[in-house]
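What follows is a single structure, written as structure tokens, with notes after it.
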Amino acid sequence: MDNVVKSLSVERAISPSAGKFIIKQPTQAQAEDAVRTLILWAGDDPSREGLLETPARVAKAYRELYRGYQEDAGAILDRVFEEVDGYQDMVLVRDIPFHSHCEHHMVPFVGKVHIGYYPNGGVVGLSKLARVVDVFARRLQTQETMTAQIAHAIETSLKPHGVAVLVEAEHMCMSMRGVQKQGSSTLTTQYTGRFRDAAEQVRFFTMVKSPGL
Ligand SMILES: Nc1nc2c(ncn2[C@@H]2O[C@H](COP(=O)(O)OP(=O)(O)OP(=O)(O)O)[C@@H](O)[C@H]2O)c(=O)[nH]1
Ligand SMILES: [Zn+2]
């Protein structure tokens, strides 16, 4: 196992174009060995029947849970509809569910994202805002970073008159372990443009919390 870990030598270099890290992917066998190590660390026997296929399943699940690293929010927000008969008011998509993993413990945090923006000429497909949430949620995250990244992606692609992002979430690393406080929630917000105005923030928040369908 030691040899596998030593030979991983993850390469980290900053790509000049996107400012992204280029990671040299470990092989499937290396990923599965790492899971076997963690099973041993948890105190179980990775060679018992029920756990034999677990390393392969976990490696596959990781591809899904961390798919966001392979995705580009800019490409998702690329298509704008301009024929909206002069609509200029706020567009709000609320209660977008998400699950992410905190970068400190790699334990889930789950909740909802609310996104409002003031269009500048055109509007984006509503589903695309929910897709952008997943691009950033399916990475190792802090709630603050995820909130800022969602707002930044919309701001950069749509250049709207303002973006508001509100994220509310429960962190399993605070409920299942550590301080063990079930039911606490964390709210984070990021505002740009018109939403820097306090009255706009009140309007956004009121709409987010108004009775639903
Ligand atoms: N700001 C912020 N903190 C987070 C987030 N997710 C987890 N944390 C916190 O990250 C901190 C890590 O603290 P450390 O003292 O390094 O780790 P720890 O000993 O496991 O901390 P405890 O959770 O208090 O047991 C904890 O306070 C977590 O609650 C997040 O999205 N944003
Ligand atoms: Zn955590």
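Glycine is no exception: its Cβ is also placed from the backbone N, Cα and C atoms.
Annotated domain 'GTP cyclohydrolase I' per TrEMBL: 32-208, in sequence order. For the domain 'GTP cyclohydrolase I' (32-208), the mean pLDDT of the prediction comes to 97.
The annotation Zn(2+) binding site is assigned in TrEMBL to C102, H105, C173. Secondary structure at C173 (Zn(2+) binding site), as computed by DSSP, is helix.
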Open item on the list: Restricting to the chain of H105 (Zn(2+) binding site) and a gap of 6 or more, list residues whose Cβ falls under 8 Å of its Cβ, or answer none.
Closed with: C173, R177, G178
TODO: Show, in sequence order, which residues other than C102, H105, C173 on the same chain lie with their Cβ within 8 Å of the centre of the Cβ atoms of the Zn(2+) site.
DONE: H101, E103, H104, M106, V107, F109, H171, M172, M174, R177, G178
